[in-house]
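Colleague: From Swiss-Prot, here are the annotated features:
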{"type": "TRANSMEM", "residues": "27-47", "note": "transmembrane segment"}
{"type": "TRANSMEM", "residues": "48-68", "note": "transmembrane segment"}
{"type": "TRANSMEM", "residues": "105-125", "note": "transmembrane segment"}
{"type": "TRANSMEM", "residues": "127-147", "note": "transmembrane segment"}
{"type": "TRANSMEM", "residues": "163-183", "note": "transmembrane segment"}
{"type": "TRANSMEM", "residues": "211-231", "note": "transmembrane segment"}
{"type": "TRANSMEM", "residues": "250-270", "note": "transmembrane segment"}
{"type": "TRANSMEM", "residues": "296-316", "note": "transmembrane segment"}
{"type": "TRANSMEM", "residues": "345-365", "note": "transmembrane segment"}
{"type": "TRANSMEM", "residues": "368-388", "note": "transmembrane segment"}
{"type": "TRANSMEM", "residues": "413-433", "note": "transmembrane segment"}
{"type": "TRANSMEM", "residues": "438-458", "note": "transmembrane segment"}
């Protein structure tokens, strides 16, 4: 059995209880493909069906938001790499209650991703092996990836490297194939192209800009996970360099994997194709190109994407709750690590909740699981909002301390304020839209409850912390 090591017993170094086990290629591939999830391959069909070709606008706006948020997060992470990422920065710059709240909300978001991705993987596997129940597949996939996360961070990195590589190959192959078809390189396949689609199916904005707004709210959540690289980089040998590289590359990553590939889909599949939502945008595009075994190909790619997301969900949730425990904002047992510097209690606790919610999905009333999902529905926007507010305050702290700012947010503070206003507007719009209102209410209830717990925890367990000027202060 591995010897358990308390974080406090390790040398006094940044993240000393976690080892820099991620190699450069691990972090690089994670940063490249971390943004590619099952939502791109399947969920994009809903956005296209709702907004038509103007779904490109929705993805462009959402992608721009993510680029700006990642720039702000990159500024803070380069200045102070930390496994807790934005939760730690909120703790230091806004207040302990803020770090507590957003850390636990983020953890909750990812432990709910575990059953979602496990169920999606199980559905694909059950279609291939119908004799085995889906809940068995769901638990088996979760168990397998939990085991890989228990050994070492390098195991997580290696699995994620190959998952990411396969996703990148699949997207690039699709883009190349689609581009060849659009320019007439596949003479036996008729592809109308974007201009013809715009003329034949109601124009670029066939359902009005209200539909684009609805699609925007959907697409914004597709990018959740881009920020994981700032958490993972803290377990690499040169976190500041890795974060800088990942943040600088986010523009072309979103442009290539989302905008270009969605453009290809729209150029091949009419937005009002009745099968677009039913089978997914990428499968429908391959079917229209008469690619043999289109469903099998897409199912394999989606299975890889789902496994990748599940793997990252286990890793990310465990690291966030580990960071909370180190700061005294979670049970102290969750900051224990073994000799491989893996926070096994944090991994097991996060996965246990994931297992529980998977069981709830199969055996509890449907309304229970629906409410659980709704409670995390607006967490992505809250995370982005906290990152923006923390960056506003942390920049002032860094300047006051005299610490050089090696990586800067553009047009500070104007772009930061623009992001804050945009997020507040998006939350307000969600509140008045019937299809999103329940998500805002459920997330708001959970947030208020967590804030109260955070304030109570700070009062009951005061701790000493260091601000960026190096002074000791009561928080």
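Heads up, the Cβ atoms here are built off N, Cα and C, so glycines get one too.
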Colleague: Pairs of Cβ atoms less than 8 Å apart decide it: which stretch in 105-125, 211-231, 438-458 has the most with the transmembrane segment (296-316)?
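Modeller: Answer is 105-125, with the largest number of Cβ pairs below 8 Å.
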Colleague: With pairs 6 or more apart in sequence, are the transmembrane segment (127-147) and the transmembrane segment (345-365) linked by at least 3 Cβ pairs under 8 Å?
Modeller: yes
Colleague: Looking at 48-68, 163-183, 438-458, which one has the highest count of Cβ pairs under 8 angstroms to the transmembrane segment (211-231)?
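Modeller: Looking at each of 48-68, 163-183, 438-458 in turn, the most contacts to the transmembrane segment (211-231) are made by 48-68.
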Colleague: When you scan the chain for residues with a C-beta under 8 Å from the transmembrane segment (163-183), skipping those not six or more beyond its ends, what do you find?
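Modeller: Apart from its flanks, the transmembrane segment (163-183) reaches 29-30, 32-34, 36, 189, 191, 193, 256-257, 260-261, 264-265, 267-268, 282, 285-286, 289, 291, 301, 304-305, 307-308, 311.
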Colleague: Any chance you could find the range in 27-47, 48-68, 345-365, 413-433, 438-458 with the most Cβ pairs under 8 Å to the transmembrane segment (105-125)?
Modeller: 345-365
Colleague: When each of 345-365, 413-433, 438-458 is checked against the transmembrane segment (48-68) for Cβ pairs under 8 Å, which one has the most?
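Modeller: Comparing 345-365, 413-433, 438-458: 413-433 has the most Cβ pairs near the transmembrane segment (48-68).
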